[in-house]
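This report refers to the structure that appears directly beneath it.
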Amino acid sequence: MTDHSAPDTGEKRPALIPATPAGIARAAELLRAGRLVAFPTETVYGLGADATDDRAVAAIFAAKGRPQFNPLIVHVPDLVAAHSWGLFDDRAHDLATQFWPGPLTMVVPRPANSALSLLVSAGLDSIAIRVPNHPVAQAILRATGKPIAAPSANRSGAVSPTTPHHVLESLGDRVDAIVTGGKCMVGLESTVIDLTGPEAVLLRPGAVLPDEMERLIGPVRLSAGDPTAPKSPGQLESHYAPNAAVRLNASSAEEDEAFLTFGPDRFVFGGATRLNLSLEGDLNEAAANLFSHLRSLDQSGAKRIAVMPIPEVGLGMAINDRLRRAAAPRG
Ligand code: TXA
Ligand code: MG
């Protein structure tokens, strides 16, 4: 298992890595080892991690300090690689042919049994994919040979970074390395279009404009009917919720309940089926396990899932946000 906690011995954090062939190789090595590496794309600097590694993806959320799990964009070098991670219909193909590589992100269905972290999609059955058009991003993706999850490389609530200096200012030693590739050309995050339903929906405006896409795929609905009010990530309505009812802050579980525990649980009783988010009480590990454990317990057939209390600090806030939504009454 990758050790995500061990600091690079004797190295100053973050390592500033030049965008040379040796630097790209070093960045790829760090990414494959589950580390966080910020790198330039044509839109903004991304905070990259291996999208197949739950712990690495959880580390992105910890570094950004977001109190919620918003789904992340997965970056790949080309359409062929994109096919491994998303289901592309004719519309997605047409848009990819025209706009990739470039500042367009497509949300498409996630294949069943995908090797991508469930945390990348924040538990959704869809995945956001983008092929960036920046030589450094392209080189890193090819050298790493893995899909790379990358939100903008800034603390939650701060403006998006378009220079390595911005990344350093915003994230400091919360990131393992920064690839210094100069200033981003576009300076605005990619356009995000949702292609999971029959109607294409603009989720975030960006450099690729709705009418450019409409010429290829027909009508694109501007979210909420108002282009100035795009659907914000926190308002995503289709978030995964278990079929089972969820009972929070449980100190023990009934015989017919599945039990999601946290921390040492030897003397905590009950639960027909039980899974532990992190025996050591590590919130990063708990975040990495959250969606897969919820799904497994749901599939156990239990009518209810009891959940032990999770501390409301750091990643615990995002975990509790998701659990509270899962526990909220549904119509
Ligand atoms: O330009 C960009 O897109 C930059 C660079 C680094 O590529 N990345 C970026 O990522 O802006 P981020 O995480 O800051 O924004 C991702 C956006 C969010 O609005 C999120 O809600 C949406 O994409 N998104 C991601 N996955 C989604 C999904 N499965 N369904 C709906 N929206 C999704
Ligand atoms: Mg952002």
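Cβ coordinates are placed from backbone N, Cα and C, and glycine is handled just like the others.
In the three-state DSSP reading, HIS75 (L-threonine binding site) counts as strand. TrEMBL lists THR43, HIS75, ARG130, ALA150, SER190 with the feature L-threonine binding site.
The Cβ of SER160 (ATP binding site) has VAL44, TYR45, SER152, ASN154, LEU188, GLU189 as same-chain neighbours under 8 Å, each 6 or more residues away in sequence. Taken from TrEMBL, the feature ATP binding site applies to ARG66, ASN70, SER152, SER160, ARG204, TYR240.
Feature annotation from TrEMBL assigns domain 'YrdC-like' to 21-208.
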Beyond THR43, HIS75, ARG130, ALA150, SER190, what residues of that chain have CB atoms within 8 A of the centre of the L-threonine site's CB atoms?
THR41, GLY46, ILE73, PRO103, THR105, PRO132, ALA137, GLU189
Of ARG66, ALA150, SER160, listed as binding-site residues, which ones have a Cβ less than 6 Å away from ligand 1?
ALA150
Enumerate in sequence order the binding-site residues THR43, ARG130, SER152, SER190, ARG204 whose Cβ-atom distance to ligand 2 is under 6 angstroms.
SER152
Which of the binding-site residues ARG66, ASN70, ARG204 has its Cα closest in space to the Cα of SER190 (L-threonine binding site)?
ARG204
Take the Cβ of ARG204 (ATP binding site) and count every other Cβ within 10 Å, whichever protein chain it belongs to.
18
Cα-Cα distance maximum in Å, computed over every pair in THR43, HIS75, ARG130, ALA150, SER190 that the record assigns to L-threonine:
13
Would you count the other C-beta atoms found within 10 angstroms of the C-beta of SER152 (ATP binding site) for me?
22
